[in-house]
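In TrEMBL this protein carries:
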REGION    B:1-21  region 'Disordered'
BINDING   B:108, B:124, B:125, B:126  substrate binding site
BINDING   B:112, B:122, B:156, B:186  divalent metal cation binding site
ACT_SITE  B:122  active site, proton donor
SITE      B:186  site 'Important for dimerization'
REGION    B:277-312  region 'Important for dimerization'
């Protein structure tokens, strides 16, 4: 591992000279391996690719699968863009990056399965450089309609193992950040059962850089102390582990649930709950807002939206049904690995 | 008409002492008359009302019709809320209102017809007071799927007549503002064929208070000069005319098109185009953002979202079809009353 040399002008650990190449190559290969794994799982459909260029610099490869046996729609995007100035939404968070050209690359994915017993899943890993500033961000989260505790535990356990290989504080901190980020304030619901989420990981200071309205992360970091400075290579290795954890975290769940029988009731509930996905992505999601603000490719950005969605005024699940259990147990932050939530 | 007496501390024309009562009463009655007119039109279903209170002050009446003969879903809301401080999104536009308690009332409506030949329509009229600052805002716009030029002309002509009774500059200015406001930048499309839109009408100075990226309104107002100061009563009268113009502007169109035959192709296109409505409301709409920021009643705010929606990656209409004509002719700002757009 290359030693991290703090830059002369800032306190950011210096990235290697070929940092963009390295991350770009990894994220491109991540898109390939994910698509391959999902085609194997679906067995009926394959991904179709559109390559595109961004007039202001850069481009990407959008891949979409439709009407598969498992996936009603799935999109996996890779993009690599550059320009003279980061958009306002990001500069507000990273004012040090102002006045510098930027490079941003990312792989993102959203899968909308047909069977309501198979959860929707989202992944996004990304990297930014602007002047001497750089950071990694991303995460993965699961959105079931008819959830099983054992599936949620498997998903979180797989992510925890990937995190623990790099730092014992990654999983608890980024799990908490995920619960906080994928939260629909206007619904007072989490988007699903969470996963991990992180942003602005530049090797310095606190892991957590979210708004933390509840003060949970601050409390937590008082208990465990501040983690040591991490090099660019440390963080890149961590992001690689996270990306590679997707297939083992998700595929076994989809395999187990894809043939579960369902009827109109389950399908209607799935379409209704997909509305929350749209609400989150259009109202809150940082990646969507970044894409639309930087004149990104709209069709690729909005590929995350479900193929068919229902809204119903005043809907509430009947008490003591699987639908109400989703709300009362699963759409609240839970410590899934403590064994406290019983099937 | 009561004379307008400029306040001692600001240059805003003073409202009458019972201003809130007057506007609240009118907007409540507007909800009643609209619902009555729409029930007559639908003939099969009626509106169901939920009354609600807002913990921080105020409340409203949400009315929804579902599975009607004409309307797959229609919502008409009245609300009247107050509190200690306007939300940031509004204070940014009206910094004079900071530090004052506020009162806000509005009637808003979105109708999603079942038949793809009947256009979706939206209306919203609202009033704010905070300290000595007050203003009216609102508008109405039409979103057809399979449009007819004569319907668009009828809609705009009816609005123009309502506007012209108050000031000859209202229609051209507010029509332009509507085209600009109901614009999906990420799609480079207008939401529909427009109508009128205005905000921050406080009796002073320029009618137009939008961002005007094209400089059109500024050019226009140089040509016609600045309109005279208008009293609170002038503006209230104007908003009344606008509100009352809705039924004559829309009902004849719905009556004419509600029995047009259609098949799966038209239905699929309607569901797809409804996606744009969702995108606009969640990404850009001022009313939605205000509602969600002020801890408004989510179900009432999101009642504007369509009951069933489709997204399709990479969809483009085939050339020389009615679907492509929607894009090439109708989803661009047009001077509908000049006779330039021929059926």
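Any Cβ shown, glycine's included, is placed from N, Cα and C.
The subset of binding-site residues B:112, B:125, B:186 lying near chain A, with Cβ atoms under 8 Å apart, consists of B:186. DSSP assigns residue B:156 (divalent metal cation binding site) to a helical segment in the three-state reduction. Averaged across the region 'Important for dimerization' (B:277-312), pLDDT in this predicted model comes to 89. Around residue B:126 (substrate binding site), the same-chain residues at least 6 positions away in sequence with a Cβ under 8 Å from its Cβ are B:27, B:104, B:105, B:106, B:107, B:108, B:136, B:137, B:138, B:287. Within the chain, the region 'Important for dimerization' (B:277-312) has long-range Cβ neighbours (under 8 A, six or more residues past its boundaries) at 50, 52, 54-56, 60, 62, 64, 66, 72-73, 75, 77, 79, 81, 83, 87-90, 104, 106, 108, 110, 112, 120, 122, 124, 126, 143, 182, 184, 186-187, 191, 199, 268, 271.
Those same-chain residues not listed among B:108, B:124, B:125, B:126 yet with C-beta within 8 angstroms of the centroid of the substrate site C-beta atoms are B:27, B:106, B:107, B:123, B:137, B:138, B:139, B:287. Long-range Cβ proximity for residue B:124 (substrate binding site), meaning a same-chain Cβ under 8 A and a gap of 6 or more residues, is found for B:106, B:107, B:108, B:109, B:138, B:139, B:140, B:287. With the fewest other C-beta atoms within 10 Å around its C-beta, B:186 stands out among the binding-site residues B:112, B:156, B:186.
The two recorded residues, residue B:125 (substrate binding site) and residue B:186 (divalent metal cation binding site), have Cα atoms 26 Å apart. All protein chains considered, the CB of residue B:122 (divalent metal cation binding site) has 23 other CB atoms within 10 Å.
Using a 10 Å Cβ-Cβ cutoff, residue B:108 (substrate binding site) registers 24 neighbours.
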